[in-house]
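As recorded in Swiss-Prot, the features of this protein are as follows:
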{"type": "BINDING", "residues": "Cys14, Cys17, His18, Met91", "note": "heme c binding site"}
Amino acid sequence: EGDAAAGEKVSKKCLACHTFDQGGANKVGPNLFGVFENTAAHKDNYAYSESYTEMKAKGLTWTEANLAAYVKNPKAFVLEKSGDPKAKSKMTFKLTKDDEIENVIAYLKTLK
């Protein structure tokens, strides 16, 4: 289990592209409030790529395992889960340290 307070600090690295507040604006990436245990591409007011809408159609949910794999390597995750060989992700930033990943996921779990 991660540490949500530590995860909130780590999430500051994500603020260039994401917001975390309920009802917060989308930026380059979607607002992440309520992402945990939600389906991929769940924000109605964000223009997701076809790869993400394909993952949604396949029923992909943002579980701990999926979030961890995604933040480690977004492009590889989207390629694998969407089944689209041309899949892309705007997210180029990666979290590489397991403790940071666990902490960010713990923080995302509190945003509901």
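Including glycine, each Cβ sits where the backbone N, Cα and C put it.
The structure, with features from Swiss-Prot marked on it.
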{"residue": "Cys14", "record": "heme c binding site", "Cβ within 10 Å": "18"}
{"residue": "Cys17", "record": "heme c binding site", "Cβ within 10 Å": "16"}
{"residue": "His18", "record": "heme c binding site", "Cβ within 10 Å": "21"}
{"residue": "Met91", "record": "heme c binding site", "Cβ within 10 Å": "18"}
Task: Return one of helix, strand or coil for Met91 (heme c binding site), based on DSSP.
output: coil
Statement: Apart from the site residues Cys14, Cys17, His18, Met91, the 8 Å Cβ neighbourhood of the heme c centroid comprises Leu15, Ala16, Lys27, Val28, Gly29, Leu32, Phe93
Statement: Once DSSP output is merged into helix, strand and coil, His18 (heme c binding site) belongs to coil
